[in-house]
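Shown next, in structure tokens, is the structure this report addresses.
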Amino acid sequence: MSGIHLTEEERAEADDAASEGRTNGQTAAAETNGQTAAAETNGQRTDEEREMMHAEPFDVQADLTEGLNEAQTLLADLVSTPSVSGDESEAAAVLKAFFEAHDREVWIDEVGNVRAPADDSVLLTSHIDTVPGEVPVKIEDGVLWGRGSVDATGPLASMAVAAVETGVSFAGVVEEETSSTGAWHLLEDRAEPDALINGEPSGWDGITLGYRGFLSGTYVATSELGHSSRPENNAIQSAVDWWSRVADFFESEEEGVFDTVTTKPVNFEGGPTEDGLAVEATVDVQFRVPPRLTIEDVQEVAEGELAEGSVHWEKPIPPVMTSPRTEVARAFRVAIRQEDGDPRLLRKTGTSDMNIFAGQWDCPMATYGPGDSDLDHAPNEHLDLAEYDAAIDVLTGVCETLTE
């Protein structure tokens, strides 16, 4: 991409998004961007996930950190520490100790975020938590294997190192994989920085500028209990018909995946009420909302298709699409080229904490981090240490540019 004008980069970005799958992380796994079953039920974990949260410590290779440099050791230590959403305290302590060792002001706030404020020309932030699942922690041929190595402990550790090297602000946030408690709290508890870089895997030479938004809700309908021979719809039929109309409306669109609304029913319950006098149906639904639409646009369509019943909406996460012309995006292109890379501008079909920050802060921002997001939540999650080192160099260069 070296030497290409911005307008051509934007055109390339649009082509990448339309192809959906040739850009980094555009697989079905990455499209959910961390929205696992726990997240798709608004943070309600299954019994199996609860058991995994309290499992024995990971299977960690003996002498894992032997021969590693300080930055790589931090990454290995964090990946070796279980940090499932809601249970991040041990990993937070590892991160806090790293900043203390470098004489940085640091504390763990009331929701569990690791806060290391400094030069607010840039705020580097990524999430501490991972999804459940054990991937034995080992290093083979310069590659670190383990849960979170890609999503998002690799980006998190690279940002911690870059923050120490350049003196910029840092925040490691909790529960991104479920409720984004850490990001919401950060918005409420600190001032807006001059620029923000969110940590998620983009590949060391990739810059993520856009994400779709996230909207979830629950449809509820009730009808009188009657004989099945009666011609009128009961609540269960009303629920099925409503969702079919909503899904059909959005499926008629001809745009690429990034620019379409993805509709998913994630839970359905229906049957007689306890008193036997009525039939009740509930459907939990989710939408991924592209930046070309607003959350309100999707809500209007869904509510407009109601014939019976009602729908209650949860707190939405708006879509985001930032310009490739911001000082943050420009600094990344320069830094990646300085490391002999060819910058790639990405748009992701999932959702991240950047959506939340962009919904309330007007500062320039982008998402960046080492790792192949095709491996998010995968049983073979792993990160090349050379890529991790390159990402630190890129982040350091970006921060130095933005603090000049």
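Keep in mind that glycine also has a Cβ here, set from the backbone N, Cα and C atoms.
So that you can see what the record holds, here are the features copied from TrEMBL:
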- ASP129: active site (ACT_SITE)
- GLU176: active site, proton acceptor (ACT_SITE)
- HIS127, ASP151, GLU200: Zn(2+) 1 binding site (BINDING)
- ASP151, GLU177, HIS377: Zn(2+) 2 binding site (BINDING)
- 25-42: compositional bias 'Low complexity' (COMPBIAS)
- 210-311: domain 'Peptidase M20 dimerisation' (DOMAIN)
- 1-51: region 'Disordered' (REGION)
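Residues of the domain 'Peptidase M20 dimerisation' (210-311) grouped by DSSP class, helix first, strand second and coil last, total 30 helix, 39 strand, 33 coil.
Per Cα geometry, GLU176 is the residue among the recorded positions GLU176, GLU200, HIS377 nearest to the residue listed as 'active site'. Figure note: comparing Cβ neighbours within 10 Å for the recorded positions ASP129, ASP151, GLU176, GLU177, GLU200, the maximum is reached by ASP151. The recorded positions recorded for this entry are GLU176, GLU177, HIS377, and the Cα of HIS377 lies nearest to that of ASP151 (Zn(2+) 1 binding site). Within 10 Å of the Cβ of HIS127 (Zn(2+) 1 binding site) there are 31 other Cβ atoms, across all protein chains. Taking the Cα atom of each, GLU177 (Zn(2+) 2 binding site) and HIS127 (Zn(2+) 1 binding site) are about 8 angstrom apart.
Across the fold, the C-alpha of GLU176 (active site, proton acceptor) and the C-alpha of HIS127 (Zn(2+) 1 binding site) stand 6 Å from each other. Between the alpha carbons (Cα) of GLU200 (Zn(2+) 1 binding site) and HIS377 (Zn(2+) 2 binding site) lies a span of roughly 13 Å. Neighbour count (other Cβ atoms within 10 Å of the Cβ, all protein chains): 22 for HIS377 (Zn(2+) 2 binding site). The DSSP secondary structure for HIS127 (Zn(2+) 1 binding site) is strand.
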